[in-house]
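What follows is a set of notes on a single structure, which appears directly below.
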Amino acid sequence: MARTPWSVRGARALLAAALLVLSHQVLGDNQLPFDLDGPSEGPPQSDGPELRFSSSYYNVSIPENPVGKVYVTPTEKMGVFKVPGFDVKYKIVDGDKDKFFKAEEREVGDFCFLLLRARTGTRDVLNRERKDKYTLRVKALARRSSREPLTFDYSDISSQSELQAEVQVQVTVLDTNDLNPLFYPTDYEQTVLEDTPLHKSILRVHADDADTGLNGEIYYSFLESTQQFAIHPVTGIVTLTRPLRYNKKATHNLTVLARDRSTLLFRPGKSNPSTARLKIHVRQVNLHNPEIMVHSLPEVFEQSTNARTFAIVKVKDRDEGVHGEIESLEIVDGDPDGHFRVRETEVKNEYRIELIGLLDRERSPKGYNLTLKASDKGVPQKHIYKAVPVHISDINDNSPIFSKEIYEVDVSESAPINYQIIRLKVDDIDQGKNAKVVLQIVGGNEGGEFSINPKTGVLYTAKLLDTEKKSSYALTVSAIDSGRSGVRKQSSAKVKINIQDMNDNDPLFESNDIVYEMNENEPAGSSVTKVQARDKDLGENSYISYSIVNLDPVPFEIDHFSGVVRTTQVLDYESMRRDYSLRIRASDWGQPFRRQTEMQLRITVKDINDNRPQFEKVACKGRVSRSLPIGSEIITFSAIDFDAGNIISYRIVAGNEDNCFAMDQTSGTLVVTCDLSDLRTDERIVNVTATDGLNFADVTFVRMQLINSKRTHQFVSDADAAFDCMDTGVARRLTEVLASAEKNNGEEQSEIFAMMPSRYGDNVHSPEFLNFPPEIRINESIALNTVIAVLQARDRDLGYNGKMIFGISNGDSDSAFNLNLETGELRVVGYLDREQESEYYLNVTVYDLGKPQKSASRVLPITILDINDNAPKFSKNVASFKVSENAKNGTRIMTMNATDIDEGENARVVYSLETDTKDFVIHPVSGAITVAGKLDRERQSMYELKIRASDSSKTRPLSSFALVRVVVDDVNDNAPKFSIDQYAIKVREDIPTETVIAAINAVDPDLGKGGVVTYSFVHGPDTSSSFSIDNATGTLRLTQPLDFEQRQLHSLVIRASDWGTPSLSSEVTVEVEVVDVNENLYPPQFSDFVVSVAVAENQPPGTHVARVLATDKDAPGDDSRISYSIRGGDGVGLFAIDNQGNISTLAVLDRESKKSYWLTVFAQDHGVVPLHSRIEVYVEVLNVNDNTPLTLQPVYYPSIAENSPAGQEVLTLEARDDDLEDRPQPLLFRITAGNAGSFFTIDNGTSANRIRSNFTPPDFRLDKFPLCAVVPVGLTFTKRSR
C-alpha cells in the first residue's frame, strides 16, 4: 500500500488540529462540540431525571368474560419513557377492588410499555352487564439498575435511586354475546274478530337482551310456517295476512322465536332462541243486519186517547242461529217527550207502536219522525235504524195570541180621520179555519174615536183628537178564530193610545226686567245670575233653550239649557265698560215652528282693589358720599296704583340692618340716618317696596356705591340725578287705561238686538195638490215599505196655518197602504195579491193645521199588475232508474212532466239539466232524459240528476226542481290496478325467513267476481325462488336467506288477475334491494402489540426496514382484506408502509442526529364497518463508522532526555470518535511518520495511550483502521545529566 505523502497527511492533521483548537477556545476544556446522543421521542430534558407517562390519561378496552391472559387494547402507546440506568415496574394502586386486573411491563427501545391484563384463576370474571367501566390508577416505579454499567456521566442523578409516576387508565369492558333474548311474558293470548281487516296489528310480543349492539338486537320469527299471520322481525308486532274464518279454525297456536342478530350472523347453526307461545282465538261475527217493515194506521189527531195503536212493525234477520234472533226493537230518537212506546205482540218478531201521551200538533207542527232501532243477538251485535214519520191532524185547541198583551202607541192630536195608528199582530198556531182570526174593539172606545179593520188588525182614528180634552185612551181589542161554532177560541189585548200635544203655548219668564251688580276681576266663566222661563206645553214642546240676542259683542254668555249667565272674560272696572244691557230670549223646542219670548237683563260692574302698586323706576344704581350728613335725601321712589282712590305707602324690606337709612312712607324718599364714614363696606344695597294697604309692589333695590368726597352738596341737592334707574313704563300704561275707560264709559251706550219673529195671520188659504198622479201601477210582488208615490201639496198661509198633513180617507179595505202624515210618502205596508184584489181607489185628503182647519181631497187609482209568481210543478219530484254501464248513447231513461198554472209565456215549461255531467241530457221541450256519454260504473256508480223546470217569463222566470237517481249496473270492464306503478323494497340480508317484506295490493273496482283479485309470479329469467306471494292477499314473504355478497338486487314481476269473464290482469315490478349487513366480526390481529426493528444509517430512501403482518379471521372478502397505514409516532413522514406490511424509509437516516424512531402502524379491513388494530414499531438506526477519530490537541510538544532507556514514557495521547455506540469501542493508535529509526512506540494496551521509547517497531495491521487522524508530535531531546 502506498504511503500518503506527508504534505497531504500534514494538511489533514493541521485541519483537524485547527478544528480541535477552535472548539477548545469556544467551548472550553470540559465541553465537546458534538452531541453524543441524537434527538429522541422521549420527554423533554430537565435538570434532573424524570419518570413520565406518554399521556396523562389512557382509554383501553377489554372483552367481558376473558379466558386466560387477555390483555387490554389501548388507543395509544401506553407507558413511560425509560430513564437510563433504571428498571421500571408497574402497580395498580386504586380502582381494582375486585382484583380483576394485573399490570405488567415490557421494555422496547427507550420506552417501557404498560401492559394490563385480566387476572387468571379468579372466582369472578368481568361482566359488562354488571359493570362496564373501571377507572384504574397505575403507578410506575423506577429503581436504579445493577445490571447495566454506566457509560455516561450521571453524576447529577447519583443521589436518586428511585423514581415514580402515576396515571389514570379508563378500562371499558366490551360486550360479548353471552346472553340470550328473554321473553316476558312467555305466553300471549288474544281474541280477534273474524272480520278483522288484513295487515291490522293483533298484538305485540316483546323480548329483552341485555347485550349491546348486534348482540342485543332481536329478530322475531315464527317457528311454524303460516300464511295466516306475520310477525315484524324488529318490533314483534303480529299482523293478519289472510282473512279469518271461524268455521274453519277457531284457534291458532303459534310459537314465536327471538334470536339476537349476532347469533344469526356469526353462529347460525349454534343459536339457542328464546320462545313464546301465542294463542289467537277467532270470534265469530254477525254478518247481516236486521230488517224493519212498518204498516202504518190512519192519521192521528192531536189530543188522541192514550194507548192507541199507531203502527204494526215486523223485524226479521237473514242470519241463522243466535245471530238471526231479534233481541229488541226500540224508539231511539224523534220522541223527546216520550209520547210513544213499542210493545211486542203475540206474533214472533212483531211489535206494536202505541201512543201513551196526549199529542200536541202545535208543539210538533211537523209531526214526529220516530227512529226505530232493531238489534239482533249476534256477536258482534248488529243494528238497523228506520225512520217512521208521524203526521198529526189539527183540532181547534189554541186561542189566538196577540204579539203583545199591551200595546202602547203615540198619536198626534193633529192626526186626521182614518189615520193608521198601529197594526195589531195576532197568531193562531192552529191550522186552516182554526187559525183564521177576526178582530174587533170591545172596550175603551165609548166615544167612537177609533175603528179597526177586522181582517188586517190595523187600528184607525175615527174622529179628530184633542189632547186638552183627553190625553190618552185604553182600548180592549178582541181576536176570535173561525173554528166550528161552539169550539171557537178568542183572546184580547190592551192598546194604550197617547195623544201627543202640539206646540201651542209660548214660554213665559218669571220677570221681564232684571238689574244685577257684580264685582270686577271675577274669573272668566263666573256665574252672574240665572234666568228662568216656563212653557205649559208637554214633552219637547215644553223644553226651553236660552240665548243672548245682542248683536254687538258682550263679555257674557248664557247656558242654553239652564239659563245661567256667565262671564266670558275677566271684567276690568278701570278699562272696560261698567254697565251692560242684555236681551235674553227663551225658545221652546216645538216642531216644526218654535215659540219664543224675550226679557232684559242689566248688569253693573263694581270696582275692587285688584291692582298692585307698580314702581315707575326700578333697579337704581348710584354713588353716595360718605360725608353726606344725617337726614340728607338720597333718592325718592314713585309708585302708581291703577285702582282709583288707593293711598300708597313705602317701606324698606331689606339691606338696612344697621338702620343707616330711613324711608318716608308717604313720599318714598330714602334718607341717611347714620354716619356713612363709619361703614366699612364700599357698597350698600337697600330693597324697598310699596303697598296700597292690601297689595304689595314687586320689591326693587337701590345699589349705592359709597365714595369719599367732600362735595356733598351735589348729592343732596340733586340726589335722583346721581342714580341710574330702569324705567318700567307704568305711567304710560296708566294713561292708556284711563283713556280706554273714558272711551268705553264716556257716552251713553245703545244696544242693538235681533228682531223678534212677528205673529202669523189668519188661516186664509186651503191646501191644494201639486202634480197629483192620475194613476199608479205596481206589481203584486212589491216589497213592503216601498214608496210608490210622494204626494205634494201647498198652502200659501204661513206658520201653522200653512203646515199640512196627509191622510187616506177611505178605499184601503185591505190596509195595504200608508200615507205619511208629514211627508206625503205613500208606502205599501201589506202584502198584495192580484188574484184577490186587482185595483184600489184611495181617497186622499190634505189638511192644514190652521184654525179653522181647511182641506182638499182627490181619488188616487192604484192598479195591481200580475207577475210570474207561480213556478212549474213536477208530477213526481223524486224518481229512480237503473241503466247498464255499457248502454249506448241515446238510450232513453225516462220523461219528466211539469205544469205551470200561470198563463201565456209564464205557463210554457222548459226543461234543463242542472247537474254538471256530460253523461246524460234532457230534451228542453219533451223532458226526455237520455244517455249522452260513455258510462263507467267504476268512475261513477250513481247519478243524482237535478232537473229544472222553468217557465218562459221574460222578466222573472220561476223554476222548480226534481231529483232523478240513476244507478249504473256493473260489467267486468276493469283490470286490477296496483296502488303504485313499481315497488322498491329494501331488505336486510340477515332477516329471518318467512318474514313479510311487502304487501302487494291491487284493486279492481268491478263488482262480484270481476272485483276478486288473485296474485302470482310471472316466471321469467329473473324470478327468484327466495320469495313467495300469497295468491289471495298479495303478501310477499322471504323463503330463502339473502346474501348481499352473492346478489344485491332481485327483480320480481307480479301479476294480479280478476275472476271475471273474461279474466283481466295487470302486472307490476317489485325491486328488492338487499341491504348489506355488517358481518365483519374479527378485526385484523398482529402477532404482538410491539415490534423492534433496525436499519442502518445513511441508507437511500426506499430501503426496506421490516415487515409487519396482521391476520383477519373473517371469511375471504372485504371483511378480511387488510390495508396498512402509519398514523402516529415521531417517524411519520420518514417511513412508509405498503399493503403487504412492508415498511421502508422515505429519507436518509442519520444515527448521530436521531438514533431511533417510533411508528404506530394500523391494520384495517374493508368491511361495511371497518375494524382495525395497531402495532407499535420501534425502529433503531444502526451506526455506521462514518466519523474520523480526533485527538484532544492538534499538536503535541513533548520532551525526553537523551539516552533515555527503552520504555520511557514520552507522551499520553487522548482522542474521541463521534460515531455513537451503545458500548464505545477503544481507539487504537499508531505512528505513521517521523519514526524512521523506530525509536518510539505506542502502548494501546493500557487505559492511557502512551508514546514510549522503544527500538522495536510496532506490529499493527493497517486494515483495522479505515478512518484515522494524523497528529504531528514534535520531540525535543535533552541531555540527561549525569
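Heads up, residue numbers simply count up from 1 along the chain you see.
Glycine is no exception: its Cβ is also placed from the backbone N, Cα and C atoms.
Taken from TrEMBL, the feature signal peptide covers 1-28.
If you look up TrEMBL, you'll see 54-183 (among others) marked as domain 'Cadherin'. If you take every residue in the domain 'Cadherin' (54-183) and average the pLDDT, you get 86.
For 184-292 (among others), the entry in TrEMBL reads domain 'Cadherin'.
Per TrEMBL, the feature domain 'Cadherin' maps to 299-402 (among others).
Residues annotated as domain 'Cadherin' in TrEMBL: 403-509 (among others). For the domain 'Cadherin' (403-509), DSSP puts the residue distribution at 4 helix, 50 strand, 53 coil.
Under the heading domain 'Cadherin', TrEMBL lists 510-615 (among others).
Annotation source TrEMBL lists domain 'Cadherin' at 624-715 (among others).
For 770-874 (among others), the entry in TrEMBL reads domain 'Cadherin'.
According to TrEMBL, the domain 'Cadherin' annotation covers 875-978 (among others).
Annotated domain 'Cadherin' per TrEMBL: 979-1086 (among others), in sequence order.
Taken from TrEMBL, the feature domain 'Cadherin' covers 1087-1196 (among others).
The domain 'Cadherin' feature in TrEMBL is assigned to 1192-1251 (among others).
Secondary structure by DSSP for the domain 'Cadherin' (184-292): 9 helix, 47 strand, 53 coil. Secondary structure counts, DSSP: the domain 'Cadherin' (299-402) has 4 helix, 50 strand, 50 coil. Against the domain 'Cadherin' (770-874), stretch 403-509 shows more Cβ pairs under 8 Å than any other of 54-183, 184-292, 299-402, 403-509, 1087-1196. Taken residue by residue, the domain 'Cadherin' (875-978) breaks down under DSSP into 4 helix, 46 strand, 54 coil. Most Cβ pairs within less than 8 Å of the domain 'Cadherin' (54-183), among stretches 299-402, 403-509, 1087-1196, belong to 1087-1196.
Taken residue by residue, the domain 'Cadherin' (770-874) breaks down under DSSP into 3 helix, 49 strand, 53 coil. Residue counts for the domain 'Cadherin' (54-183) under DSSP, split into helix (H, G, I), strand (E, B) and coil, are 3 helix, 65 strand, 62 coil.
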